Amino acid sequence: MELFKRNKVATAVLVVLAAVGIGAWVWQLMNGLTVTGMSNGVSWGTYIIMFMFFVGLSAGGLIVASSASVFHIKAFKKVALPAIILSTVCICLAGMFVLIDLGGIQRVWRIVTGPNPASPLVWDMAVITLYLIINILYLYFMRKGAERAVTIVSRFALPTAVLVHSVTAWIFGLQIAKEGWFTAILAPIFVASAMDSGLALLLIVLAVLNGTGRFETPKELFASLAGLLATCIAIDAYFIGCELLTMGYPGASGAETLAIMTSGATAPFFWFEVIGGLLIPFLVLVFAKNRQKTGLVVGASVLVVAGVLCKRIWLLLTSFATLNIEGAPGVMGADGWSLLGLYAPTLVEIAIVVGVISVGALGFMALASKLLVPAAQTETAPAKVRAAAATDLDFDPQTA
Amino acid sequence: MTKYGMAINKTRCIGCHTCAYACKMQNGVAKGARWNRVLTEGCDVEDGALGQYPALSRSYLPLACQHCENPACQRVCPTGATYKDEMGRVEIDYDKCIGCRMCMAACPYNARSFNWEEPVHQPDFVYGDKDVPQRTKGVAEKCTFCKERTDRGEEPRCVQCCPLDARIFGDLDDPNSEVSKAIATRHGYQLLEEQGTRPQVYYFE
Amino acid sequence: MSESQKTLSRRSFLKGTGAAAGALGLAGAAGVAATGNLLAPTNAHAESEERVAHLCHQFHCLTGCNLKCTIRDEKISIIEPSDLVKDKRHSTICLRGINEVDHIYSEDRIKVPMKRVGERGEGKFEQISWDEAIKTIADNLKEAQQKYGEGSVFIRKSTEAGIGFDFIAQLLRADSGGNWGLDRGQANGLGPAFGPWSYLPNRSAWEMKDAATIIELSHNPLESAMVWSRPLMDAKEAGAYIVCIDPRFTGTAAKSNEWLPVRPGTDAALIQGMLKAVVDNGWYDEEFVMAHTSCPYLVNRTTGKSLRSAEVMAPNPTVVGAEEVGAPLVWDTITNAPALYDNPDVVPALEGEWTVDGQPVTTEFSLIKEWLGTITLDWAAETSGIDKQVIVDLADRYANNGPAIIDIGLGGADKYTNADVLGHSTAMLVALCGQYGKKGTGYGTYCGLGANDPAATMNYWVLPEEYHYGESPVAMYDMPYTPNNIHAALTFGDAFTLEAGAAQDMLNWVKTLDFFAIIDLYFSSAVDYADIVLPACTKFECEENVKQLRDSMGHVMLANGMVQPLFESKSDLQIERLLAAQWGLEDLLPKTYEELARFSLEGAAELDPRMEGITYDALLANGGVMALPETGDDFMPDGTADFFLTPSTRIELYFEYLSDQGHALPVYEDADEAYEANPKKATYPLYFTQGKSRYRIHAYYSASEWFQEDFGPRINIAPEDAEARGIATGDDVRVFNDRGSFVATALVNRSLQPGVLFMAETTYTRYYKDGFLQNVTNSARLERGYSMFFGPQIPYNDVLVEVEKA
């Protein structure tokens, strides 16, 4: 566990945070979900936001890695290993958030013994499990150098990745009760958001690995991934734009929901995502020159990741902001009646989220220590591969 | 087949909340939860009014589980804890509930309460019908159409206690039942019809 | 074995095995507590012992529902409508009955006897024994009576506590506080016309559906006595046109066809506008007026006195004063001379001017017309805030459109100093339009009392002659203002802050008493001022199986199946016996509720054949409920207009006894404080009104934790008034005037007339952040009121205030 030894302070901090998180979770198990900010009005909160967020983050890695095989983008192969490690860790975290959110985790086996096939949650759990298995197989075969097996797995990995985001979207998108969720475009939006946030996270991680000298990503590849990110941002923005137009145009109930997003309780998150998460990163990354500058790419990536987190927040909470049937006294909760969905995460929720992410970081460090070959040992990587990569890149929006 | 349903006469409903408390008592509903609520429709304060003084209006909407024929909550429940029973009621098997709250997100009527903590009872003993199962923390709960009472051939508690006889309970599959006749002759309508949940609770004026 | 025997035997079984039952209860509780365990399955109740109890619930809401209680492990676990009342119309319950499941067990019950350790009003107490408490009370009352005489002790029971018996006040010949001053303002004005108890209708409420028009005058049954809103809603569904006259858009207004937002305290102006329209347009029912009213009676214009026979006495004494008077005279148009009003050969003149013994004489109707000539519809409209045409249309509808009912509230409009003017005016309107004594007509407060509530005949436990209430020279509500000899007080329930306005005056006076003890269920507002506090038990609890015997809705109801008194509380009877024993008088009292009930029913059938078969044992065998013969779904008492408890047995519209005060006719006057032109409005621009809420009977149920989830001290304010003061829903606001202030939560509510505040009646001070609503209410007295049947009424609503963010 080399990474732990080399980063003792960081490791110690992460261990402490993880321990605090686990403690908070035990506290939650003892007292129930009342320790969270959720209520009968806002029945989902930070955990489900984080679940959506991490499912999405796990996408980038797997999509990049499997694209390398499926679409023969050989350059991507270079980063396939860290990409898959990242993907594996993120999907594990996503799964943890779902379990943490359950009020009756002691009965979770019921989902296996008596699944309701109509429930998107059942399918989501199934697809996430499948996705996790594919990730592990991917890692296993890559580690073994079984090129053929990797190619086969990657052919399954790409559609599974698309599916995992779609099914996650359908948890929300099939709910007719929630105006802000019930849309056919939610699955494409989730896929697009997954791609941009996942790719952005991959770029951040690659940059960090570069910095530590643990793993070196060729500059051209970095730039081309950044180009791909710009494309994904554009696609994401396009889908969101389509949805917003459809919501607002009739001036009916969708417009009311839109008003909550643009000027109501969730407006800060909405506008941060639109400006900080989509517009600015795109304007940065759309220029090839900027894509050469690691700092700019990482900055844009951070914005994209933060933007998608904001989007998860507004997407979830906007639909809880008002009740379908309006009238005082509203909905009864632990703190009394409420006409509006009011939610703020509690310290327990924050501690658990930080703890889970710390566990993820530790997990990544562990896997990276075990699986990633230090940069010094890959110096022998043939220069021609890099050249080939450059020619294979046809994702550049500037040239496309 | 029997398909239990209810029709609520909004003209007779005076918003007295007797049904809400009758429900709370019958089902041992804990502090901070209500299976049955009475809303002052469209108002931000209880007993508020719509319109401009002095042309005011006010109506009350007693609201609980709508026992939908096409229940959104049942569809999304991963374990089948929420189910449609043979009498047409939407029920919850608390032993199967994993507390994922898919149902709460799915219900267009906000009819469900979640046990965010171990239920706190005021008074601190188990009041209500002894046949009603107790709930623990981590499960969702809601109006059962007083399953325990209706299984014994009694009316739901809210129907029994309504001081204005504004509630009619019975078999929707029987065209001659009082509830079917009320819906047919007095133009019963359902809440949020556009959601396609096809509630078995009707309202009429 | 009959059901009640089963009840009894099961109960004695439980008593005998109290420990076992207790253990069972614990097992149940442990089962629930254990579910804190992560892996515990959801569970149902442990098998528990259940029994059933029946009792008559509140009278104070005028409904008196019989309730069926399911008692499990000696805890009242279910309360539902009685299955023993066969008449479906009376097998009722409302949220107040149901919430007793919590209210009985409320944390804010007074649990143990206490003595004060802090200053009066501080609310600091320490627990003492019953013996010490009773002895302290007795010693102090004895001391006061020795020092200052018998009349120096004031003892009063609140309404519910006073039902059935009231011994200790009589044993001590104590002052019981005279006039109550509660909610009989209109009754003061209509009583002399229709008879003293005529504020209760003489026809069935179920007849409302036969009315074409129903005027809800300051009555809000939909929130005050919910189970009695059924006849009104039946009428609505049957197509009756309902008009609600109320400053506030009440629940009843919301169900009405028309809401007339009258200015607070000006209802009489609106009614007088209607009277004006009726008389000016000749819409009155002349046949009815001649047959059933005093309109043709002669009045001496110079003296203002009625012309009466010197030889023939009227059948009844006067309503107010109970004096014998001569029979009234009318002008016989055949003989052209005065004649006895009830002489069948006489054809009386309705109007005219004559001279009798040199004195100018006219008829009451002429005087009414003359008086109405002095007022205008414009004045009525301007004063009441209701458009002139609306007033005329309503008069037209009431007078000319078939049978009509005027349903008045007890409360609301009664709580202004000028309420008698309203009662008198309305009585005149009803009489002139002849909307009385026929199907679908009527006047009075349509609630559980009156024609719909046939009384049972029962014996009253009588004390030896020497034990009786003492004199009450000063009404309790006047004690802070009028010199009196009260030095010690004992109240069952909160008399001081409920039955008087301007609480600070009252409480300051209470502080000057040598001694004050209270017997109450909950920490009501007055408790903090008491020297000794005794815990009473609710009507669901008793030391024995049976408790109160009452009659309600045509049924005799014996409470039975009681649970043991909770905590250290005792029943009122046992508390009274303990007190009586301090004077060695306990043997004058029944030993038990059973003895009292047996006595009450013993031989009742000999006095009243309707009581045939209704014995103590028969009652218990029937679960405690037996119907009087006249009850049933078809019981429709149909009072006529042929007899009234007035001297002439007709409706008497000219109040001779007020002629010296200029009020023989209902001459309009402003309320004491609540009127537009009041200069005080510059400082205190808002009318403060209080009324009933579904969550309260007056202050009662404030301690219900269930209700506390939904309701608390809230002040409703119109959006315009709120905005002008920067107040939003949920803000703490201070309501104040010269008399005092309090803090409550603001509810910005469009249901209010701008300029008017509304709050549900008093809640206990402990639920307010500061003060309580009685701090701002009015203690003004109508001087004329002292000569009225019910005395001056407390003008709780005759109040101006200002509001600011706290």
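Glycine residues also receive a Cβ, built from the backbone N, Cα and C atoms like all the rest.
Taken straight from TrEMBL:
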type	residues	note
TRANSMEM	A:9-27	transmembrane segment
TRANSMEM	A:47-67	transmembrane segment
TRANSMEM	A:79-100	transmembrane segment
TRANSMEM	A:120-141	transmembrane segment
TRANSMEM	A:153-173	transmembrane segment
TRANSMEM	A:185-209	transmembrane segment
TRANSMEM	A:221-240	transmembrane segment
TRANSMEM	A:269-288	transmembrane segment
TRANSMEM	A:295-317	transmembrane segment
TRANSMEM	A:337-367	transmembrane segment
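Counted as Cβ pairs under 8 Å, contacts with the transmembrane segment (A:79-100) are highest for A:185-209 among A:9-27, A:153-173, A:185-209, A:221-240, A:269-288. Between the transmembrane segment (A:337-367) and the stretches A:47-67, A:120-141, A:153-173, A:269-288, Cβ pairs under 8 Å are most numerous for A:47-67. For the transmembrane segment (A:153-173), same-chain residues at least 6 beyond its ends with a Cβ under 8 Å from one of its own Cβ atoms are 51-52, 55-56, 58-59, 62-63, 65-70, 91, 120-121, 123-124, 127-128, 130-131, 134-135, 137-138, 141, 181-184, 186-187, 189-191, 193-194, 315-316, 319. Beyond the transmembrane segment (A:9-27), the same-chain residues lying 6 or more positions past its ends with a Cβ under 8 Å from any Cβ of the stretch are 3, 35, 100, 347-348, 351-356, 358-359, 361-362, 365. Note on the transmembrane segment (A:47-67): residues 36, 73, 76-77, 79-91, 93-94, 97-98, 100-101, 128, 131, 134-135, 138, 153-155, 157-158, 161, 164-165, 168, 190-191, 193-195, 197-202, 225, 228, 305, 308-309, 312-313, 315-316, 349, 352-353, 356, 360 of its chain, located 6 or more positions outside it, place their CB under 8 angstroms from a CB of the stretch.
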